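**Student:** If you scroll down you'll find the structure; I have some questions about it.
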Amino acid sequence: MSGAALGIEIVVVFFLALFLLHQYGDFKKQQRMVLFGTLLAWYLCFLIVFILPLDVSTTIYKQCKIDHGEHTSGPTVNPLPFNHTTANASVTPTKSEPKPCYKPWSYIPDGIMPVFWRVVYWTSQCLTWLLLPFMQSYARSGGFSITGKIKTALIENAIYYGTYLLIFGSLLIYVAVHPEWHLSWYELQTIGITAANTWGLFLLVLLLGYGLVEIPRSYWNASRHGHLLVKTYFKASKLMTEKADAEENLEDVMEEVRKASESIKYNHPLRKCIDTILRKCPVDYQEKMGRNMDDYEDFDDKQNTYPSEKSLVKLHKQVIYAVQRHNRTRVQWQILLQQAIHLEDVAKNETSSTHRFVHSFPSSEPAGWFSRYVYTPTVEWYWECLLKRWFYRLLSVVLTLFSVAVVWSECTFFSTRPVLSLFAVFIQLAERDYNYLYIEMACFITIFFLCTCVYSTVFRIRVFNYYYLASHHQTDAYSLQFSGMLFCRLTPPLCLNFLGLIHMDSAISHQQKEQTAYTSIMGSMRVLSFIANGFYIYYPMLIVILCIATYFSLGTRCLNLLGFQQFVGDSEMTSDLIDEGKELIRREKRKRQRIEDGENRRREWKERYGNSREDYTARNRSSHEMKETSYSDTVNSSNNRQAKYSRSGSQAERDCIELLQDAEPLDFNADTLTDDPLDAEPGRHAGGRYLSMSSSRSRIFDDV
C-alpha cells in the first residue's frame, strides 16, 4: 500500500474538482484556457486538503522511530533534537520491552512528499499571483484578436504588478543597505511565503468567522419550512428586479449593436468586428438584425458616421456581460420558481391525511425505477414532511458543536502545557496507540469542516455583479478565475492554521518535534519572529468577535441601512418584498397552469380524433397520387379539369377536418380569414390556416 493512497486521492480529487467546475462553468461556451486555469487552481487546493492527513500520519510514524532511537529508511524532513520533557507520548517504552512503531497503511516513502508539496505550492502561487490575474483580464477583454486581448490584459495588470514589484524592490534595497541584515536566498523566500500567508490569514479569519455561524444556522433554518418559504418569496422579489434590469440592459446594448450594424456595411474594414459581436448576441436578436440589413448598399468612405474600433471593443465587452447576465438571471428565476412551488407543496401536504405527497405540477416525464419502487409518494411524504426537518436539525446541532470546538481551539491552540486545543487532544490520544486510521480520519474531518466553512463563504459572497458564483453553468469567466485566486491564497494559511490547532507546527507550538513535509516547504517562521509569535497566534482570536457579529446579523443590518436590501425579519421593506414575491410566484403558477391546461386539451383532442386525422391523411395522399397520374396522362388538358380533381371528400369530411384544425394553435399573422380554407385559391397561402397543416413550412419569401 506504499504510495497507493496518495495515487488514489490524486485521481479522486481531480474528478471532484472537475465535477464542481462542471456545475458552475460552461464547458461548451467558455474559453478552454479559462476552464483549464480554474480547474488547475481548484484541483491543487483540494489536493492540499486531502493529502495533508497522510503527511500528518507519516510524520507521527517518523517521530515514533526517532523516539525509539531508530533510523528511517531515508532522510527525515527538518530533523530537530528530541526533548523528552516536551514529548507528547504518555507511555515511554523501556529498553527491555520497547513498544514497536507500527507503519501506517498509507505510509508515503521518504523524499516523495517534499517534492510533491513544492510542485503543488509553487504552482498554486504562480497561478494566483501571475497567471490568473492576467487570464482574468484577457477573458474579460472585448478585443477581436489575441494580440488585442493580450495588450488590454497587460495594461490592466500594469498597476497590479507594478505595485508588488515596487514593494518587493524597496524591501530588497532596505535589506541590502542595512548593515546588520545579511539575508540569504532561503530567508528571502521565507519572507515572501510569510507575507503571502499573512495576507491569506487575514482574509481567512473573516471568511471562517462567517462560515462557522452561518452554515449551522442555514441548516436549522432549512428545517423551518415557513421561514424558508418566506425567504424564498423575498429572494423572488429581488431576483425579479434584477431580471428586469438585466433585460432592460440587454435591450439597450442590442439597440447599440443594431445601430452599429446598420452603419457599417458588408464591405467595411470593421465589418468582421460587427460579425464577431453579432455571434455573441442571442439568436432572436441576430435574426432581427439580419432581416434589417441592406447589404446591397456599398460602403461610402466619405461618410464618417461609423464607429471606431475602440468603441466596438467596448461594445463587444458590454455585449458579453449583458448576455451572460441575462441568461444567468433567467435560469436562476426558473430554479427559484421550482423551489418556491416545492415549498408550497410541502406546506400543503403537511396536513394531508393520506400520507401521499401530491405535486401541484407533476413531471411530464415517465417515472424511473427509483421513483416507482423506492422513492414512492408515501416515502416522499414522510421524508419531506416529517424526517427531513429532524435530519436538518440534528445536522445543525452537530455542526454547531464543531463550530464551538473550532472557536475554542483557535483561542487556545498556543497553550501546550496544558493542552487546551480539543483537536490536539484527540490527535495525541490516537498517537499513543498508533491508530493511524483514526488520526487520518480525525485530521480529514477537521480540515474538511474548516474548508467547508471557508469555501462555502467564497461561493456565497457576491461583490455586486462583478464576482458571483452561480450554479447550473451560469458563472462567467471572471468569477471563475477570481474564485481560483481566492482558493490558492486561502488554502496555504488554512493548512498552517490546522497544523497549529493539532500542535504539529513547531513555529507556533514551540515544541521540538518532527515537522511535516508541508511545514518544511513554508520555511521557518522564526525569520520574522514578530509575525510567528504575535500575528499568527493572537489574530485568530478575533474569530470570536466575528462569530458574535454574524450571529446577531450585524453585517446584514448595516447593509440594509445603507440601502442594500437584505432579509431582516423586523424590517418593513422586507415585509413589502415578501408580499411582492408571493404575488410573483402566484402569477407564474397561474401562467404555468394555463400552459398545462392547454397541453392537456391538445392531448385529449389528439387522442380522440387522431385516427380520423390519420385516415384523412392517407386518403389525401392517395388522392394526390391520383392527381399526379391523371396529370401525367393528360399533359395537354385544360387547367379547369386539373382543378376539378384537386379537391376530394364530402362536406362531412371537410367538417371533420375543420374540427381537427381547431385542436392546433392558430397562425394569426395572416391578413385575411376565409370561411373555408379548402376553398382558397390553390396558389396562395390561406389566411387563418394552421401552421401544422400549411402546404409549405419554409418558403423563399417568408422573411421578407
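From the backbone N, Cα and C atoms, a Cβ is placed for every residue, glycine too.
Below, the features straight out of TrEMBL:
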TRANSMEM  6-22  transmembrane segment
TRANSMEM  34-52  transmembrane segment
TRANSMEM  119-138  transmembrane segment
TRANSMEM  158-177  transmembrane segment
TRANSMEM  189-213  transmembrane segment
TRANSMEM  390-408  transmembrane segment
TRANSMEM  437-458  transmembrane segment
TRANSMEM  535-554  transmembrane segment
REGION    615-651  region 'Disordered'
COMPBIAS  615-630  compositional bias 'Basic and acidic residues'
COMPBIAS  631-651  compositional bias 'Polar residues'
REGION    669-704  region 'Disordered'
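Neighbours and distances for these, please.
**Tutor:** Using a Cβ-Cβ cut-off under 8 Å and counting only residues 6 or more beyond its ends in the same chain, the transmembrane segment (6-22) has close neighbours at 35, 38-39, 42-43, 46-47, 50-51, 54, 106, 108, 112, 116, 473, 480.
For the transmembrane segment (34-52), the residues of the chain that approach it from at least six positions outside its boundaries are 6, 9-10, 12-14, 16-18, 20-21, 25, 27, 116, 120-121, 123-124, 127-128, 131-132, 135, 139, 443-444, 447-448, 451, 477, 480-481, 483-485, 487-488, 490-492, 495, 498-499, 516, 518, judged by C-beta separation under 8 angstroms.
When Cβ-Cβ distances below 8 Å are used as the criterion, the transmembrane segment (119-138) is approached by residues 33-34, 37, 40-41, 44-45, 47-48, 149-150, 152-154, 156-157, 160, 164, 196, 477-478, 481-482, 484-485, 488-489, 491-492, 521 of the same chain, each at least six residues removed from its ends.
Within the same chain, residues 125, 129, 168, 171, 183, 403, 406-407, 450, 452-454, 456-458, 486, 489-490, 492-494, 496-497, 522-525, 527-528, 531, 535-536, 539-540, 542-543, 545-547, 549-551 sit at least 6 positions outside the transmembrane segment (189-213) and bring their C-beta atoms closer than 8 Å to a C-beta of that stretch.
Counting residues 6+ beyond its ends, the transmembrane segment (390-408) has Cβ neighbours under 8 Å at 208, 212-213, 215-217, 219-220, 222-223, 420-423, 449-450, 453, 543-544, 547 in the same chain.
Counting residues 6+ beyond its ends, the transmembrane segment (437-458) has Cβ neighbours under 8 Å at 49-50, 52-54, 56-57, 60, 104-106, 204, 207-208, 210-212, 214-215, 399, 402-403, 406, 423, 426-427, 430-431, 469, 483, 486-487, 490-491, 494-495, 497-498, 501-502 in the same chain.
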